[in-house]
Amino acid sequence: MSPLLPSFPPAVLALADGSIFPGYSIGAPGETTGEVVFNTALTGYQEIITDPSYSRQIVTLTYPHIGNVGVNAQDAESDRIHAAGLVVKDLPKRVSSFRSEGALDDYLTKAGVLGIAGIDTRKLTRILRDKGAQSGAIVAGKVGDSYETLVSKALELAKAFPGMSGLDLAKVVTTQKVYEWREAEWNLHGADGKPAYGTLDTGKPINKVVAYDFGVKRNILRMLTERGCQLTVVPAQTTAAEVLAMNPDGVFFSNGPGDPGPCDYAIAAAKEIIEKGVPTFGICLGHQIMGLAAGAKTLKMKFGHHGANHPVKDLDTGRVAITSQNHGFAVDANTLPDNIRVTHVSLFDGSLQGLAWKDKPELCFQGHPEASPGPHDIAYLFDRFVELMNAASKKEGE
């Protein structure tokens, strides 16, 4: 028998291995497919589902109560929900937050995104941990629909999804036009005494930075702006020649979804920009792009890193930082060229987390120093990028 609640439409999550999870719909009706992953963050569900890096992924949140504080426009990391679907244990119907502008289920429904609640997320997470991330599908029906019909359709869809390997999604989620960004970090006590985002402080030294948008999160742009970066955001397929013609002090390669391997346009651009010696910083997919541009290889991880409690060791200082992570691919440390050194490693599995070039002003990091959600222990990497740009400018002036 299905444990569906009579007042909610029925929904089913199916995995490619045949696992079935009946529950109830908390979003739009219909069907969706994607790679099913789990995220261990306790907070930040709105930031997670609006992160473009989750494109074509069905996100399982391991924390049991999701939706407590509702949603609001300020916490979105992009202009829409990018996750293919959302899986939670329990959706509280009472929202409690002075910042809330609506409920999570309404947010999903208006965006046309499927969600399922009422399932055993602990069991699901253990399957994904032991067997690895899997193709999956959510099918959400109407009140009174047959549970058996939903199951057969969900299984069919789950087994048909090809997985994330080989998918170039950066050019799918990227901006379609060049734009300027001037919004800085959130301040509980803004200019008028009310919570608000800051703006670029033109009274301080400014660095002109071109940011490649492979699926960039807004909080990354805010943290760069907070540090005096005057940002020009460009589409993923912008050539190195176009970027270099802007005469930037630095170049940033953003986070993003999918497999870095097929992004040959980005790899070629990164290689040319790095060879020119322009200070460059990459995060997440941008980190992988820079690694590939240097001649290293990437690999698909078993279930990836998705959460806000991942310990990472800085090999230069010995310091351990708790970081936010969201990636299913990683740079293979065994394939690095001699001119690159490893700067950070994961204390969960020893995987490569950070790189620096020995002969050029370049660095990159696999995790998310901007967090959102998560800790800011590793935010000093933004400062290092600014230091690289300042040092390069000083050298040019000598």
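Positions of Cβ are set from backbone N, Cα and C atoms, glycine also.
Quick caveat, the model's predicted, so the values are computed rather than measured.
Annotation source Swiss-Prot lists active site, nucleophile at Cys284, citing sequence analysis. The C-beta environment of Cys284 (active site, nucleophile), restricted to residues of the same chain at least 6 apart in sequence and closer than 8 Å, consists of Ser53, Ser254, Asn255, Gly256, Asn326, His327, Phe365, Gln366, Gly367, His368.
Marked as active site by Swiss-Prot on the basis of sequence analysis: His368 (among others). Secondary structure at His368 (active site), as computed by DSSP, is strand.
The feature active site is assigned by Swiss-Prot to Glu370 (among others), with sequence analysis given as support.
The Cβ of Phe329 (L-glutamine binding site) has 21 other Cβ atoms within 10 Å, all protein chains considered. Feature annotation from Swiss-Prot assigns L-glutamine binding site to Ser53, Gly256, Gly258, Leu285, Gln288, Asn326, Gly328, Phe329; the stated evidence is sequence analysis.
Under the heading domain 'Glutamine amidotransferase type-1', Swiss-Prot lists 208-395, citing sequence analysis as support.
Mean pLDDT of the predicted structure over the region 'CPSase' (1-204): 94. For 1-204, the entry in Swiss-Prot reads region 'CPSase'.
The Cβ of Gly258 (L-glutamine binding site) has 27 neighbouring Cβ atoms from other residues within 10 Å, across all protein chains displayed. Listed in sequence order, Lys217, Asn219, Ile220, Arg222, Met223, Ile283, Ser324, His376, Ala379, Phe382 are the same-chain residues six or more apart from Glu370 (active site) with CB atoms under 8 A from its CB.
For Gln288 (L-glutamine binding site), the same-chain residues that are 6 or more apart in sequence and have a Cβ closer than 8 Å to its Cβ are Pro260, Gly282, Thr298, His327, Phe329, Ala330, Val331, Gln366.
Annotation for Gly328 (L-glutamine binding site): spatial neighbours Glu35, Val37, Ala133, Met164, Lys300, Met301, Phe303, Gly304, criterion Cβ-Cβ under 8 Å with sequence separation of six or more. When the record's L-glutamine-binding residues Ser53, Gly256, Gly258, Leu285, Gln288, Asn326, Gly328, Phe329 are compared pairwise by CA position, the greatest distance found is 13 Å.
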